[in-house]
Amino acid sequence: MTVSLLRFAAPRGLRVARAEGQYVWDSGGRRYLDFYMGYGAAFLGHRHPRVVKALEEQLSRYMTITPAFDTDVLDECLDALGKILPPHLTRVFFLNSGSEAVEMALKLSRKLTGRRKVLAFNNGFHGRTMAALSATWNPKYREGFDPFPFEVVFAPFNDAGAVEEKLSEEFAAVIFEPVQGEGGIIPAKPEFMRAVEKKARELGVYVIVDEVQSGFGRTGVVWAHERGGIKPDMLTAAKAVAGGFPASLIAVTEEVASRVKDTDHGSTYGGNPLALAAITAATHVLLEENIPEQAEVKGAMLSEEFKPLLQDYGRVFRDLRQTGLMIGLEMRTTTTQFIKMLQKNGLIGFKAGLTVLRFLPPYLITREDILFAAETLRKTAEEFQRLQPSEKS
Ligand SMILES: Cc1ncc(COP(=O)(O)O)c(C=O)c1O
């Protein structure tokens with residue numbers, strides 16, 4: 001019998017033999033600069049030595065002890081998170097993926113309010129499990145999966161007036177990404193975040209910030225919602241939080257924690273010792289290497305180098321959006337072909353929506369990498385332009 005992969009993502013046409021830091025090598029030994037990084041999960045770079053060491057040490061102790069038992073690895077992880085989580089989010093539960101963390105946040109909001117409506121936003125992405133999908137906007141992802149467990153109302157992103165109009169006492173939660181990733185790298189405006197929080201407080205609606213992609217220093221602050229100065233009731237984090245190891249977490253207030261029962265949730269693998277060790281190591285790296293500041297500085301450098309492309313290749317690129325090391329280059333066409341050509345030229349990116357080229361580089365990229373990325377984009381735009389039908393005069 002032949003077993004093959006049930007594919008949902010198109011194959012990239014690259015056989016990876018090795019990955020280290022900001023690079024991957026194919027089976028022929030050719031090196032690529034990786035700005036895809038496992039959908040942004042390897043924000044610390046592939047195989048960050050601190051994370052690898054923590055995992056190896058943990059493997060030599062125990063691998064399958066749940067957080068129902070007291071362990072040093074759990075205590076160390078909670079201590080580390082205490083140094084980076086917003087101070088009012090004092091209670092943490094560990095899970096395995098971003099979707100699971102969102103699922104749990106929505107589930108709790110439903111039980112604690114007794115309400116079933118959720119406000120989410122156009123172009124928002126929160127994952128593929130049923131509750132997370134219910135808050136995910138893209139109609140293509142939703143098609144054929146209704147009815148959803150939540151009645152989700154979508155509002156235009158960054159439109160405080162629409163939130164004012166739509167939110168009511170029938171809502172359990174409002175959920176948003178402080179920077180929309182899949183939606184095309186769109187930051188939430190600070191005043192929008194504040195308006196959402198204010199309205200939600202008036203109505204007893206829980207505020208959930210989904211920091212699965214934007215969190216852990218990537219945008220120049222540890223948590224992107226800090227830029228709004230808001231205090232969410234629940235925060236979801238995954239991807240970078242364990243240095244590329246599969247893990248996620250939800251952090252909630254004491255108010256939320258005091259109202260949940262021990263039968264309300266659970267997970268076999270959530271908080272497994274390897275994940276906890278990886279989160280601890282990743283958090284130490286974040287603090288010691290001042291990752292948010294590095295993301296801010298290197299993101300600005302990338303933006304400086306990419307900006308001239310908009311002018312020089314105006315027929316290919318429409319817009320550049322950058323917040324820390326979350327970068328979206330909006331194209332005038334769909335991105336599939338361009339991404340393939342870019343990869344052939346040595347730079348790996350991926351798409352956000354239909355027309356945005358997304359780059360989620362690791363914090364350790366150098367000035368040389370940035371110049372290589374800009375030069376590779378330029379070269380690829382040149383080739384791409386030649387393939388496009390010329391404009392009618
Ligand atoms: C903002 C956001 N939320 C949730 C998810 C879902 O995470 P996962 O794919 O780990 O389930 C993603 C994944 O890209 C995301 O970007």
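Placement of Cβ uses the backbone N, Cα and C atoms for every residue, glycine included.
Residues or ranges marked as pyridoxal 5'-phosphate binding site by TrEMBL: PHE125, ASP210, GLU211, VAL212, GLN213, THR268. If you take the C-beta of THR268 (pyridoxal 5'-phosphate binding site) and look for same-chain residues 6 or more apart in sequence within under 8 angstroms, you find THR66.
The number of other CB atoms found within 10 A of the CB of ARG128 (substrate binding site), across every protein chain shown, is 15. DSSP classifies ARG128 (substrate binding site) as coil under the three-state reduction. Marked as substrate binding site by TrEMBL: ARG128, SER267.
Marked as N6-(pyridoxal phosphate)lysine by TrEMBL: LYS239. Counting only same-chain residues at least 6 apart in sequence, those with a Cβ under 8 Å from the Cβ of LYS239 (N6-(pyridoxal phosphate)lysine) are TYR39, GLY40, ALA41, PHE43, GLY98, VAL212, GLN213, GLY215, PHE216.
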Distance-selected binding-site residues near ligand 1 (C-beta under 6 Å), from ASP210, VAL212, GLN213, THR268: ASP210, VAL212, GLN213
VAL212 (pyridoxal 5'-phosphate binding site) in three-state DSSP notation: coil
Conformational class of THR268 (pyridoxal 5'-phosphate binding site) under the three-state DSSP mapping: coil
Other C-beta atoms that fall within 10 angstroms of the C-beta of ASP210 (pyridoxal 5'-phosphate binding site): 31
Neighbour tally for SER267 (substrate binding site), based on other Cβ positions within 10 Å of its Cβ: 16
